[in-house]
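For reference, the structure discussed in these notes is given below.
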Amino acid sequence: MRTPMLLALLALATLCLAGRADAKPGDAESGKGAAFVSKQEGSEVVKRLRRYLDHWLGAPAPYPDPLEPKREVCELNPDCDELADHIGFQEAYRRFYGPV
């Protein structure tokens with residue numbers, strides 16, 4: 001009883017899979033050139049990736065902060081560092097060392 005049922009299911013599965021393999025893909029599926037891009041589009045992607053990747057780490061390269069040296073000076077002064085926690089770095093630096 002089980003063997004004929006199993007054979008029938010296998011035959012049905014074979015017919016379904018064979019029918020799907022023989023069928024030609026439709027226009028939406030074929031997507032002429034969907035796996036490929038033009039040279040111009042490809043070079044734009046590569047340029048974009050090169051611009052934003054750090055070559056050693058493979059991660060986006062951070063933009064240098066122009067205020068980082070001043071922030072370190074303020075952090076080394078305990079009074080400036082404490083004031084920066086309350087009113088912000090730029091205002092604390094201005095009060096201790098002059099304009100930013």
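Cβ from N, Cα, C; glycine included.
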**Asked** Hey, which of GLU41, GLU72 does Swiss-Prot call 4-carboxyglutamate?
**Response** GLU72
**Item:** CYS16, CYS80 - which one Swiss-Prot pairs with CYS74 by disulfide
**Value:** CYS80
**Fill in**
Per Swiss-Prot, the 4-carboxyglutamate among GLU75, GLU82 is GLU75
**Helix, strand or coil at GLU75 (Ca(2+) 3 binding site) [DSSP, three-state]** = helix
**Complete:** Expressed in Å to no decimal places, the gap between the Cα atoms of CYS80 (disulfide bond) and GLU68 (Ca(2+) 1 binding site) is 15
**Prompt:** Per 10 Å Cβ neighbour count, which of the binding-site residues GLU68, GLU75, ASP81 ranks highest?
**Reply:** ASP81
**Message:** If I restrict to non-local contacts, at least six residues apart, and a C-beta distance under 8 angstroms, what lies near CYS74 (disulfide bond) in its own chain?
**Reply:** CYS80, ASP81, ALA84, PHE89, ALA92, TYR93, PHE96, TYR97
